[in-house]
Amino acid sequence: MDGGGRTRRCTWLKYPTRASRDLMHTYLGLIVVVHLVLIAEASGSPKPCEKDCFSGKCINGSCVCDHGWVGDQCQHCQGRFKLTEPSGSLTDGPINYKYKTKCTWLIEGYPNAVLRLRFNHFATECSWDHMYIYDGDSVFSPMVAVFSGLVVPDSVGNETVPEVVTTSGYALLHFFSDAAYNLTGFNIAYSINSCPNNCSGHGRCSTANSMSGRMYCECEDYWKGEACHVPYCRQDCGSPGRGYCDLTGEKLCVCNDSWQGPDCSLPIPSTEAFWVVPSVKPSPQSLGRASHQALVHSGLMWVVGGYSFNYSYYHMVINYNLETSTWEAVAGGSGPLPRYGHSLALHQGDIHMFGGKLEGGPSNVTDELWVFNILQRTWSLRQPAPPPPHAQEGHSAHLVELASGEPVMLVFFGYSPIYSYISKVQEYNLRSNSWQVVSTGGAVVQGGYGHSSVYDRASGYVFLHGGYKSLSSSKYGLVDHLYRYHVHSRTWLILRESGQARYLHSAVLVSGTMLVFGGNTHNDTSLSNGAKCFSADFLAYDIACDSWKVLPRPGLHRDANRFGHSAVVKNGSVFIFGGFSGLLLNDLLAYTPPSCLAWADADACATAGPGVRCHWVKGQCVPWEPHLAADVVPAPFCPLTDEQCFRFSDCASCTANTWLCQWCEDRKCMSASSNCTVVNTSRCSQKEEQECSRSANCRSCLLNLNCQWDQQQQECHVLPGQLCGEDWQHIGEVCLRINSSRDSYDNAQHYCKNLGGNIASLITEKQVDFVLEELHKYHLQGKTLSPWVGLRKINVSYWGWEDSTAFTNTSLRWLPREPSDSGFCASLERAHAAGLKANPCTAPTDGLICEKPSLRSRSCRTPCARRSSCANCTSQGMECMWCSSTQRCVDSSAYVVSFPYGQCLEWQTQDCAAQNCSGLRTCGDCLGQVECGWCRDPSDTGRGVCMEGSYRGPLKQLTRAGPRDRDKERPGDRGMVLDQTMCAADRGFSWSFIQCPACQCNGHSRCVNSSVCEQCGNLTAGTHCQTCMPGYYGDPTNGGKCNACKCNNHANMCAVNTGKCFCTTKGIKGEQCQLCDSENRYLGNPLRGTCYYNLLIDYQFTFSLLQDDDHHYTAINFMATPEQANKNLDMSINASNNFNLNITWSLSSTAGTISGEEMPIVARSNIKEHRDSFSCEKFNFRHHHNITFYVYVSNFSWPIKIQIAFSQHNSIMDLVQFFVTFFSCFLSLLLVAAVVWKVKQTCWASRRREQLMRERQQMASRPFASVSMLIEVGGDQEELLQFLPKPIAIEPCWGSRASVLTVLLYLPRLPSGIPPPGQSGMAIASALADTTQQRALELKDRGLKHRKHYTGHHQGTCV
């Protein structure tokens, strides 16, 4: 704009040159290109992820995981994988695996190829998180291994890394973890058709001379075995002096007569022990097994039973010749079914097998007693009478001979699915064929599962060690306990613990020493400190000295870790067979301990060991035997050890151990050297309290009549002395009480109910006898009673007891000519003969009998083992666990003993899923179960069928021939065969086992871009058409239908799965909004109208709709009826949110009906409060007695708080009522004031007394100051009396309103002027003086202008 305000327009030159025009175009083009490049870079630059994506891709700042991986970094496996490379590895992820992990890997080779799996790292929670390995393409293939816990070498050099082999061309690995602990997981390498263990570095891999083309190892010299892992002929067997190397046969050392050991390096006898692996001739009969039992007879080791992965080639009985190192299988015939966890005992050529766990059926723990005759090799089933007390497993048994010469089999401890962990000793008498529970003395012991026991026949002692037991406070775990049981005295003694808890280990007795090998040593994960599931620990218990030693582990060429194995002794050597270490083992280990004969002098003999106890007898060192102890433990020659008497909490255990303890009167166990008042052992109290606490569940608790079960605490306690209370008598299972008052039947009933009982139903002879005896006592006292009993006339001819028991006329009978027609209640008469008499219920009679249940409750919940479905099993919270793969319910406290070898693939304690594949409706859920596969139908819309299957196709069950064959079924051996016709490809079906088809629309839509549902039909919604639209319910998965919600117009939505309506009006309830909440004052009929809250007049109601359950409510209705006809009805309502309001009235109180009777009064919307008044004259309250006002509050949002009130009050004040109320209040106020004044005066007086007391105490304890005074001697006393005395000290207090004055007194003297003898003539005196008058005079003299408020510096207590 120029100076004159005109606008100036600027333009380009009209005729630019061509060069300038080209230059301008170039500049504009460059600017556009740069701008487009910047936009492209800004939009195309990916947003980086904050953390690395391990198994996925980073897209827009977040990790998108590959198939089978989950987590914010794709760091956890969760799904199925297929591996086809010739070699590779698999892992759960780079960090600890997550809770509830289920991962499956299928390794596919070529048909019949050998796949080798090598565990480079493995660490999971022992006994809970398992890796299952199958030789095939499904879990129905033969299982070859189950790994759990820590699988790492103990030391470098002599321990191999586990290697698993499959030969079908497939290997399926499935990993499952629970929700408790998550460890570092695993890394497993695999290879197809490779040499075993890479020939261990002692050979080379070759295919030469291999008919099948498989790789094998050509070993170097002095190495043998499939993987060249077994050394032989070390040091050339000491040739030629000690032995030679046999290269023609088994390639081992053959020792001369005076030498022994794997390399002939130890003399015979030797002071050193050694391990060897006997050269066992291979035999398919020695199939790997665990939790079997073994014993030696006639040079043969008999092995009976045991757990196996595959029962197709299983033999119940096999034997091993300890001389020729050969196996033999015994034909089964009609013998017992396969089992494990049983016991064996030998008597005169007969093997007695008791109990154990069968592999078929839900209640698979048995109480069968089978006898195997070794000579005839036949089985026979015994039928004892009485039968055994428990069906149990994990126990031990020994055949012993009592002092009377009776042969009996003693069964120790064990686990019962019904009675939990057993602490009893059971005795089976072979001659009488009967069972009994032994009553034992001595210490109180705790039994369990999987302990070890050995029996020394000469001393009559049984030693029991370890086990999995019930501990205190509802906890369970491994223990290191050691007990000794004396067969003849039937007493227990507590010996020293080993310090290393374990179960499923072995124990043998050799040379006065109990040798313990292997076992599962993993306790609770939080306490295990890295203990292995599979242990090779070797412990020695010195019986003479009651002490433990840890022996070196087996120095073999490979791992010896295991549990569930067996151990026997032959010619002083220990033979260990089988067991479990992730693989079921069929090897044999032999241990030869040191020989006492090798020590040549007495001193060396006394210190021989460890692992052997010797003593010097007649110039020779011989093994020490337990019977030499003479019941003195430890022996006199043993060193003293620390005492630990404080661990024992009862008198019996305190005085029955080897710690030299004594029981004191203050109920403490102390060492014998302690000073306390000792209780005589014979005076030890009964052991009921300790025995009750050992019971692990309700049923075992109630087996003891002195115990009761606490359902809330889940503990067993001793019964109190009074089971019924004062004035009650405990008779059988009830408590009875007789009262002599005279009452009618109904009054007697009320009396008994007030005492917590009922009129007695005398249904047992014991109760009747007690009552008659008590009535007789009353009769002797001159009082005759005819008490009411709980017997009523139900109808014309039927009488019944109050507890609904039918009257049988057996324990009690009617008197002659009774019952009369006039009587409807019965009383007990005892005139000449006891009998019942019918009386009118309203007529009084003398006496009544009450009953109530005793404190001892005999009701227990159904044991977990007897619950046959997942829903029933998990109905009691965490008490039971359901294993879907075995279809069994087990006690949570016994999961690890119910599945010691990982037989349960997955368990639940809640949220039961479908129990078979056919119950799963989506592909995702289907492939979430390892045994299932998905057959997609030809529509390619996501529909299909879930069925049991393998990678190659669906499987079907073979039909078993008979029930015995069906009993042998187990998850890995269920006779499943491939049947591809169930999902035939030629009919358009396709089989999915690793990954679901891309299109998953549940049959309600087709897919675009192969995986996106185009448009969900059939009233469905969701990304996969997996839910119903709002207002509809049902299960639309896999082609299911959706139905409209049926809510009687009171809800727009309902629960998608169940159809339960979300009622929108407060006060309406029911599955279909068909009921009013009458319990909370809501009235009406929602089928024809609605529901109303019935308001009271002159009250204010507050409705807080704040909870999550209230968020569906958008309306609430009220009704109110005037109470007084001559007063107006006032109404007020307010809310925290806006709402719509409608008020109507009706002459009828029939609320909730749509009949057109209501007439509108107010209609407002979007308000927060409203007040109104309804005139009694306008609405004619006087004539319309049923007039009702209805308030409809609607269209509000959640959460909301509503306050509403209806009131009626007078319009003109009643003066009489006002004055009466006023004066009543005034007089009440005066009375209250008088009382308060009196209380105040009393408090002031009390406070003054306290102040005076403090003043006196202060005066008595005040500090004195020193004052120097000059006293004139011989002064004139008359002159002194003319002046007022002045103090020598002033102590002000209380703001200087008072002071303590100290004056000097001149005492009387003798005429000579000298004080009397012994006196000074002078005295000091103090007095409390008021100084306010003196200060007033001073102020007056000084003038008002000099007056200031004075505040004393010393706040005293004087007044």
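Residue 1 is the first one shown; counting continues down the chain.
Glycine is no exception: its Cβ is also placed from the backbone N, Cα and C atoms.
Features reported for this protein in TrEMBL:
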type: DISULFID; residues: CYS195-CYS205; note: disulfide bond
type: DISULFID; residues: CYS219-CYS228; note: disulfide bond
type: DISULFID; residues: CYS1016-CYS1025; note: disulfide bond
type: DISULFID; residues: CYS1028-CYS1042; note: disulfide bond
type: DOMAIN; residues: 77-193; note: domain 'CUB'
type: DOMAIN; residues: 191-229; note: domain 'EGF-like'
type: DOMAIN; residues: 731-851; note: domain 'C-type lectin'
type: DOMAIN; residues: 999-1044; note: domain 'Laminin EGF-like'
type: SIGNAL; residues: 1-44; note: signal peptide
type: TRANSMEM; residues: 1215-1239; note: transmembrane segment
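Annotated features, which come from TrEMBL, shown on the structure.
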residue: CYS195; record: disulfide bond; CB count, 10 Å: 23
residue: CYS205; record: disulfide bond; CB count, 10 Å: 13
residue: CYS219; record: disulfide bond; CB count, 10 Å: 21
residue: CYS228; record: disulfide bond; CB count, 10 Å: 22
residue: CYS1016; record: disulfide bond; CB count, 10 Å: 21
residue: CYS1025; record: disulfide bond; CB count, 10 Å: 25
residue: CYS1028; record: disulfide bond; CB count, 10 Å: 27
residue: CYS1042; record: disulfide bond; CB count, 10 Å: 20
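Between CYS1025 (disulfide bond) and CYS1042 (disulfide bond), the C-alpha separation comes to 11 Å. Rounded to a whole value, the Cα-Cα separation of CYS1028 (disulfide bond) and CYS219 (disulfide bond) is 68 Å. Across the structure, CYS219 (disulfide bond) and CYS205 (disulfide bond) are spaced 9 Å apart at their Cα atoms. Looking just at the domain 'Laminin EGF-like' (999-1044), the mean pLDDT is 93.
Residue counts of the domain 'C-type lectin' (731-851) by helix, strand and coil are 26 helix, 43 strand, 52 coil (DSSP-based).
Looking at CYS1042 (disulfide bond) and CYS205 (disulfide bond), their Cα atoms lie 64 Å from each other. A separation of roughly 55 Å, to the nearest angstrom, links the Cα atoms of CYS1016 (disulfide bond) and CYS195 (disulfide bond). Annotated pair CYS195 (disulfide bond) and CYS228 (disulfide bond), C-alpha to C-alpha distance, rounded: 10 Å.
For the pair CYS228 (disulfide bond) and CYS205 (disulfide bond), the C-alpha distance works out to 10 angstrom.
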